[in-house]
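Q: Can you keep this structure in mind? I'll have questions shortly.
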Amino acid sequence: MTIVVGYIPSPEGEAALDRAIVEAQRSGSRLVVVNSSKGDQLVDDKLLDAREFHLLDERLASAGIDFWIERSSQGSDAAENILHVAEAQRAELIVIGLRKRTSIGKFILGSTAQRIILQAHCPVLSVKVNSGW
Amino acid sequence: MDTFNLLMDGFASALTPMNLLFAFAGVMLGTAVGVLPGIGPAMAVALLLPVTYGMETSSALIMFAGIYYGGMYGGSTTSILLNTPGESATVITAIEGHKMAKAGRAAQALATAAIGSFIAGTIGTALLVTIAPFVVKFAVSIGDPSYFAIMVLALITVTAVLGSSKIRGFASLGLGLAIGLVGADPVTAQDRLTFGIPTLVDGLDIVVVAVAIFAIGEALWIAAHLRTTPAKTIPVGTPWMGKEDWKRSWKPWLRGTAFGFPFGALPAGGAEVPTFLSYVTEKKLSKHPEEFGHGAIEGVAGPEAANNASAAGTLTPMLALGLPTNATAAVMLAFLMMKGIQPGPLLFENEPELVWALIASLFIGNTLLLLINLPLAPMWAKLLKIPRPFLYAGILFFATLGAFSVNMQAMDLWMLLLIGLLGFALRRFGLPVLPLILGVIICPMAEVRLRKTFQLSNGDISGLWSEPLAVGIYILIAVLLSLPLWIALFRRLRGKPAVSEDAIAIDHIEVPSDEAGAGSNQPTNTSGLKGSDKK
């Protein structure tokens, strides 16, 4: 079985990844990390560069799980990418990080998380940065 | 002290709250477009031309001056942070500046660029004030043959001396001159190149041509190369400089200014040669030559100052002779013509308020740039994160609106699209944009001079060299054109390789292939840039 996690280098992305690693360790599933950017910005910190990719690789290797990192710098947006990977891998679970968005921001730009939750065919676990209490 | 009084009058009219606001808007907009690679000040001014129909001429000109200086400044920010020179003049800045940024000294690089630009811009504008009246006195006394020769000199130098490929440069110039010829003959009123279309008899509107080449061409080019792997930001704090940095910067600033202004003030123009000369000089004079190539602050300070001083210098031929030598100045001149003001030596006499308000606003704009840019540098870097589809949708919208509002004719929109495709083709085949735009703007002016010359000499071709000044200029053109041959010959005699050490230094800049040659303000790529383009 497979767990898919959407990851970008941000607090939300880290929270999602941490939780996804725990889930993968618990169920012994394969973890697929999806990192993507539409590539329409001149400067984009969401996409992993070679160094960050390497660090992530090391970190997942030391977690003792089976994993794969999907990195795409072009084409479709993050929601589409994650859904596509989840479907192709027949994922049992999608893990995403949530960030705070104003309702106007959501209205204009839409919400990636909302699209994933509504369109996914498997359970979606959404994580907030300060989820522990 | 007549000049001084006129300048003070200029300050009085530039310092009204309304004009200050326009100057502020100009420098903000200019910096923003300068930061974004591919969108230069020339495009910004071209897009704003239709907006300024209803505005006071002086207010609009003040805003354009702000955009002009702001664009210079913004270009250096991108060079330093991204290693993507927004325009050819900041190519040299990228060499050392980006290395400094990578070494964690982005703040110092930005600071020395900003303060150097301010100092060079201020000194350059002061020199403009002192020199321009003399140039005007001289320009009024010369006749049509010499005037025509000067225009030929400007076109040839911009095309042949500054560009990477002479053939491409002349091809672009030829296209520009052809577009400039469209319409009725000024003397005999015969239709030329109108293809039977009645709206073309008046000639192509310069606004339509400029907007099409800069905005539509660039948007099509970006659309064809949209999906690229994005770059990473280099974190920047507020720019600041330590004592050591000041000590190492102030001399390069002054030397850069000394290189930049004369080159800009010549009717040959171009900031490339002085920035390059400044870089080489700093490398020779530096106490830390080993740091060059690894982020030497002198290598940012000198070329940046040279760049801005030459920007100020460029305004000398534009205001005093009516002869623009870079794209932004060309579009500003088009604006003056649109407003029914005759550019040329009589501009200072006929429109003193306008000219001096513009010059005063250069001082003001420069100071504003320093004040807003030092604290705002991190914000400007964020502009690079705007998704490009949003950006270019906006540009296309304004371009179309602008082109239509000039004459309210659907025909203009077709011309916009057609010339926009030409602009795309220019970028596709690596043709520089600057000779084309200068050709379009200078062609009608040069034609008038040429026809007058022939009328004076009864159609005899010897009228062209009937003045000693004209003869001198033609000799100068011949020397400039044959210069590469002489240098090659000289090198061969001394048995040295044809490629100099410094040419190799430029090869180190990594320009993403979609940016090289794509910038609206980047028509004159250095040979090094073209080299990396082909990778």
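Every residue, even glycine, has its Cβ placed from backbone N, Cα and C.
Not my notes, these are from TrEMBL:
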- B:519-529: compositional bias 'Polar residues' (COMPBIAS)
- B:20-438: domain 'DUF112' (DOMAIN)
- B:513-535: region 'Disordered' (REGION)
- B:20-49: transmembrane segment (TRANSMEM)
- B:109-134: transmembrane segment (TRANSMEM)
- B:146-163: transmembrane segment (TRANSMEM)
- B:170-186: transmembrane segment (TRANSMEM)
- B:206-224: transmembrane segment (TRANSMEM)
- B:318-338: transmembrane segment (TRANSMEM)
- B:354-374: transmembrane segment (TRANSMEM)
- B:386-404: transmembrane segment (TRANSMEM)
- B:410-426: transmembrane segment (TRANSMEM)
- B:433-450: transmembrane segment (TRANSMEM)
- B:470-490: transmembrane segment (TRANSMEM)
Q: Ranking B:20-49, B:146-163, B:318-338, B:386-404, B:410-426 by the number of C-beta pairs under 8 Å to the transmembrane segment (B:354-374), which range is first?
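A: Between the candidates B:20-49, B:146-163, B:318-338, B:386-404, B:410-426, the best contact partner of the transmembrane segment (B:354-374) is B:20-49.
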Q: Using a Cβ cut-off of under 8 Å, list the residues of the same chain at least 6 residues beyond the transmembrane segment (B:433-450) that approach it.
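A: Contacts with the transmembrane segment (B:433-450): 42, 144-145, 147-148, 151-152, 154-155, 158-159, 163, 169-170, 172-177, 179-181, 186, 203-204, 206, 209-210, 213-214, 217, 322-327, 330-331, 333-334, 423, 426-427, 520-524.
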Q: Taking contact to mean 3 or more CB pairs closer than 8 A (sequence separation of 6 or more), are the transmembrane segment (B:386-404) and the transmembrane segment (B:20-49) in contact?
A: yes
Q: Sequence-remote contacts (6 or more beyond its ends) of the transmembrane segment (B:109-134), Cβ cut-off under 8 Å?
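A: The answer is 3, 7, 69, 72-73, 76-77, 80, 93, 96-97, 100-101, 236, 239-241, 245, 249, 252-254, 256-257, 260-261, 264-265, 295, 297, 300-302, 304-313, 315-316, 319-320, 348, 359, 362-363, 366-367, 369-370, 373-374, 377.
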Q: Sequence-remote contacts (6 or more beyond its ends) of the transmembrane segment (B:410-426), Cβ cut-off under 8 Å?
A: 172, 175, 179, 197, 199, 204-205, 208-209, 211-221, 224, 399-400, 403-404, 432-433, 436
